[in-house]
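To start, the structure itself, in C-alpha cells.
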Amino acid sequence: MESDWKEVYRVAPLQQHAVSLPLRPTAIAFDTTSELLYVGTDEGYIQSFEGCELRKYTSFRAHTAPPLTPPTDKHVRQILTNRDGVVSISAKSVHMSKRGGPALWNVFDDRFKNLTSMAFTSRGTSEMLVGGAQVSPHITQSSMFTVNLDKGTIGAEVGAIPTDYDVNIMKRTARHIAVGSSGGDVRLLDMNSFQVVKHFEHVHSSGIMDMDTHDNYLVTCGYSFRHNSFILDPLVRVFDIRVQKSLPPISFINATFIKMHPKLSGTAIIANRQGKVDIVDVNNPGATKSFQTSHYTHTAHTAHNQGTVLTQIELSPSGDVLAMMDSDGVVQMWSAFGKRNFTEFGAPVEWPEPPTRPSIVMTDTTPLNSIGMPYFSDPLLSNWDPNMIFEVPNQPHQKIDPETIAATAGIGYAPFNKRYPRNYVASRTRANGNGGLVTAPMFLSQQGRSNSGFAPDSAPSDTNSGHGDEANGRFEVPALYRKHNIKYSKFGIDDFNFGYFNKTKYSGLETNIPNCYMNPLLQLYKYTPRLRNVALFHTATACTIEMCLLCQMGFLFDMLEKANGLNCQATNLLSTFSALPNGMYSSIGVKAPSDKNTAARHGVLDDESNTTTNSAPMMIQSLNRFLLDQTIFELKNTPQPPIASEESELPQVLLIRAVKRQQCMICHKETRPMGDTVTTDLIYPLKPPGHKSLPSFAQIVRQSIQLESTQKGWCDRCKRYQSQHTRKTITKLPDVLTFNVTSSDKNLTHARDYCSQPGWLPDEIGLSITNKMLNVWQGDDLKRVAKRNNNDQVDLRMYELVGFVAQIKEEGSKKHMVSFINVALSDENRVEGESKWHVFNDFRVDEIPKATALDFTPKWKMPLVLCFQLKHERSKIDNRWKDLLDTSLLYNDSLYLGETRQEEQTILLNRESEVPKAGTLVALDAEFVELHKEESEIKADGTKEIITPGRQGLARVSVLRGAGELEGVPFIDDYIAIKVPVVDYLTAYSGIHPGDLDPHTSRRALVSLKVAYKRMWILLNLGCTFVGHGLLKDFRIINIHIPKDQVIDTVNLYALRATSRKLSLRFLAWVVLSDLIQTETHDSIEDANTALRLYKKYLEFEEAGVFEQMMQRIFNEGIRYNYKPPTPPNAPIKDVERLQLAESGVPRSEGSTPQPMGAVEK
C-alpha cells in the first residue's frame, strides 16, 4: 500500500560561521504556536527555520561546556516551546530564549549530572520536570527537578525514581508523566506528587529507545539482549493508559523512532534508521501504509553518505508535516496530502524590518555608489545559471532572389517560390570545423526542395554524446539518451528522415506503435546469440500457431539483420502480444489456466486494459519474466518437430534448474514446490553501518539465485499461515542469465545505492556449483579461479555481459527505456575480447565507449534488466536454420477454419518441378484495409499537423510465378482473417468488401496473418526475387524487409529522371502494355501480373536499346493526358464514375503532387 506522504524539501548540513566543519544536529522540535522548526546541535547552538521551505530564521547559542569537561556536555538534548519562548537542556544546564534569539535565563546547577529529558507538569507550560541518566558507575543522576519557567529557578527536589534507575525519556499524558528508563521499564508518575502509580516492568529488556503518548495510548520501542548482543526489538509495545494494561504489540523490524499522530486517534508513525516509515493503526495493525526515505544528499561531504542513517524524527502539532534528521545533518521535510502547516492556527513569524531606502536627489555631482542596490525577492537576471547559457550563432537574413524581386515590380507581391522551405535559412557556425551546416531538414521531401545550405546526411550534432562534462553529465540527460518522437508531414511517416538518427549498421525500432515500450528489451534479446538462434531455429520449423511469440521474435530478429541499419518496426510481434489475452490458449488447443500467463494478467500491456499500478520500470521487468515464461510455455504445450540439436532447446537456454525446499518452522513439514526460474530478481542486503564497503555484484547474484528466506506461508498440516523457511538448491545453470535489478518500486532507491558505485557491474562473472552450493566470482577472484579451472580443479562456467535495459529519467517528462548492448557478441567474425557497445534508443542507434555504457553514477540512468550469456562455442551466431527451413507451406494450404479453397485461379507449386531457389522470379502485390483513421489537427496558420498516422492491415496477398509454363499464374492468393475492427475496407482501391475477412461470414478461404507472412518469409530466405509496383509501401505495412538485390520495383524502372516523378501502375499499363486495368476496382493478381509484364517489357526495351526512346514517349503521353489514362469512349456511365473515383482517390493517388522518397503511385 502506498503512502500519502511526499518529500517536499530538505536543507543542507548546518554550518557554523566560525568553522568550516558542519555542525551535527542532536535535537529537533516543532514550535507549538508558530511555523518554526528548531534544530539543536552538538556545539550548543539552536537554529530555527520557517515553513516547509526551511527559510533560515534565527541562530543562537544556548549551552556551553565549562573547561575540562567532556564536549558532549554542551550537546542540545531536547527542545520544548511555550508561549514565551524556547526551552532546551544539555547535560548540566537548562536554557530559555525568546524565539528571536535573546536569552531569558540560563540555569546551571552542580546537582545536574547528566540531564537527558524533560516534560511539562500539571501547571501547564509554566513548570517542567527534568531528569537524567547514569553517567558512570560513580556518577549517577539520581534525582529529578522541577524548573519554574517564568522565573528560571529550580523548585523542590523530587525523589520519585529510586536511585538504581535512571531516566532515558519523559512524555506527558493527560493524567500522568510517563518515564522510560535504560533498564527497559516504564513508570507512570502522578502529575502533582510525582509518585509512581503504575510500573510496567521489562517492556524492553535492555532499554527504551523512543516513546510517545496520545489520548489513552502509550507506545514504546527499545532494545533487547539476544545472542550476547544488544539488538533493536522487532516489536513495538502498546499500552492503554486508561486501564493501565498492555495491548497486542506491533511488528516492525529495527523500530527506532515512534510518534503518535496528534489528530488521528490511535495512529502511530514508526520508523527505523534505514529510512523505512510505517503509518500504523494500533487497533488494527494490518492497516498499514509505508514509504521509504532517501538519505542521499548532493553535498561535498560524500564520505558521510556511505553510512547515512536517520537519527531523529519529529511530527508537527498539526500532524501534516514530518521532519526527519539524518547523520549527515540533513533535515528532510515530508508532507501529507500536500498540506504544509506546522500548526492549525499559528501566530505569524516576526521578521526584522528591511532597511528603508534613502531618498537621494540625483545631481551631476552625486556619486553612484551612494545610490545602493534595490531589494529584490526574486533572483536578478544577471545572476543567470551558467548551465543555461548557450552560444547563439548570428543568423544571416534570408536573401530574396532576383526573380522574386522582379515579380513584385508590377503588382507589389510575389507567390512563394517553393525552392526553399519556409522559415529556413542556411547558417554556418563555429561548431563545425569545416564551416559545417546546421539544422538538417526533418522530412525527406524537404531535402529534395532545399538548397545546398542544408546537410541532410549529417549525423545529429550532440555535443554531449556520452555523459558530457562532469559538472552537468550527472544531472542533465544528454541528447543521445533523450526520447525522440516521430514527426509526420503530409506524406506520412515515410517522409521522416530516420537515417539522420542512425549512421550504424544496426537497425532501430520505431515508436508509433502500441506497446512499443518493449523495443529495448526486444533489441537485447536479438543481440543475445543463444536467444536469437533458438528463435530462428523454431521459426524455420512448420509452426503455424497464430499467437506464437517465439515465431514472431524470429521474424523480427531476421528483419533487423537484413535491414542493415534501416529502421524497422515490430508491428506484427506487438499485435500478437496485445492479442494474447483473447486468443492465445484457444489457438494452441490448451485450456486457459484462469487467465494466467496472459499479458493483461501480468500488467504488461501499455494501454487502457492495464489496470495495475506498475510503473514503467516494473512493467519492463515484468515483461522480461512474462516473455521468457510465455515462450517456454508455448514450446511445452505445442508439438514441435525436431530441430538442429538439443542444444537449441529453450529450457536449457533459459531455465535455472533448482530444488526448492520449504519447511514449516512449527510442525517442520517439508514441501518441495517448483523451483525452476527464467529470471532472477536481485536482492540487496541492508547497507552496512559506518563506512564499510557494499557487497559486490557477484555476492548479490549468489544470494539472489540461491535464495534462503523466512516468510509467512500456508501450512497444510497446521491449517494456518505459519513462518516458512525456504531454501533453493541450484542443480543446473542455463546458457543465458537474466536479472531484474529490483523487485518493486520501493526497492529502486535501495538498488540505486548499489548501482551508483563505480565499477558495480562487471562485464564477466563466473559461476560454479560445488557440493550443492553456488559460487559466484568477478574481477581478480574470477581470474584466480579461472586458472584453477584450467587445471580441472573447479567446474567453472564463464558468463559475459551482453547488455542491459536502462531507465532514462528526464526532468519534466515521462521516463523511457533504452538498451545498452555489446553488439560484438553477435558478430560472426568477432575477435576474442572485442567489445562494441551501442545504445539503442528506439530508432536512434549510436556507438559509445564501454566505460560510458557501464557508468551508473548519473542520476538519470538506472539499469533495470541485465543479460549475461555463457562463453561457449554454441553461444555464437548460428545460421544453419536456413538449411533446415521447412517449405511445406508453399505446397499445402493452411486455411484458417479448414474450408476448401474457392479461388480457382490459384495453383499450388509442384514439389518436384517448381522448387523455389535463389534467383527465382515471383511477382507480388498486396491489398490493405484501414484499421485506424488518421488523427490530425489544424494549426493556427491553417496547416494540418498529423498527430497519429492512419494504420492499415494486410487483407490480401498474391504471389505469381515469374517464369515457366505457368508464368503469371498465382500459387499464393491469401485472404487474411482479421479479428480487430476494420474502420474502412477501401473497396474502390483494394477490392475487399465487408465480410470478406470475417471468418464467420466470408466466402473466401481465409488464412491467418501468420501463415500469409510465413509464406513470404520462406520465399525471402530461399533467395527469390520479388517483382512488383510500389513494393516499398507494401513491405512496410506487411512488416517485412526484403534486401534491395531481391527486389525489382517497376516504379523505379520507369521513373522519370527529369522530374523524379513516380508513375502509377494504371498509367504505365495503358502506355506500355496498351491495357486498361483497375477499371472497376483493384485486384492484387491483376496488379502483380501487370508489374511482371512491365518488367518483361523493360528487359525487351533494354535488349533492343530503345528504352530511352520509350521513356520519352511515356513522358510525352503523360504531359498530354496529365499522367492519367483516358476514359474509354464506350464505357458505361457507372464505370466512368468509378474510374473518376479511382483517379481522385487518396490511397492510390493519381494527382500531380510530387511524391517523397518511398511514396509510390499505383
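Think of each number as a place in line: the chain as shown, counted from 1.
Just so it is clear, glycine is given a Cβ too, placed from its N, Cα and C backbone atoms.
Here is what TrEMBL says about this protein:
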BINDING   Asp925, Glu927, Asp1034, Asp1087  divalent metal cation binding site
DOMAIN    507-871  domain 'USP'
REGION    449-471  region 'Disordered'
REGION    1126-1162  region 'Disordered'
* Determine the Cβ neighbour count for Asp925 (divalent metal cation binding site): the number of other Cβ atoms within 10 Å of its Cβ. => 29
* Structure fact -> Ordered by sequence, the long-range same-chain Cβ contacts of Glu927 (divalent metal cation binding site) under 8 Å (at least 6 apart) are Ala955, Arg956, Val957, Tyr989, Ser990, Gly991, Ile992, His1082, Ser1084
* To do: Tally every other Cβ atom lying within 10 Å of the Cβ atom of Asp1034 (divalent metal cation binding site).
  => 24
* Asp1087 (divalent metal cation binding site): tally of other CB atoms within 10 A of its CB -> 26
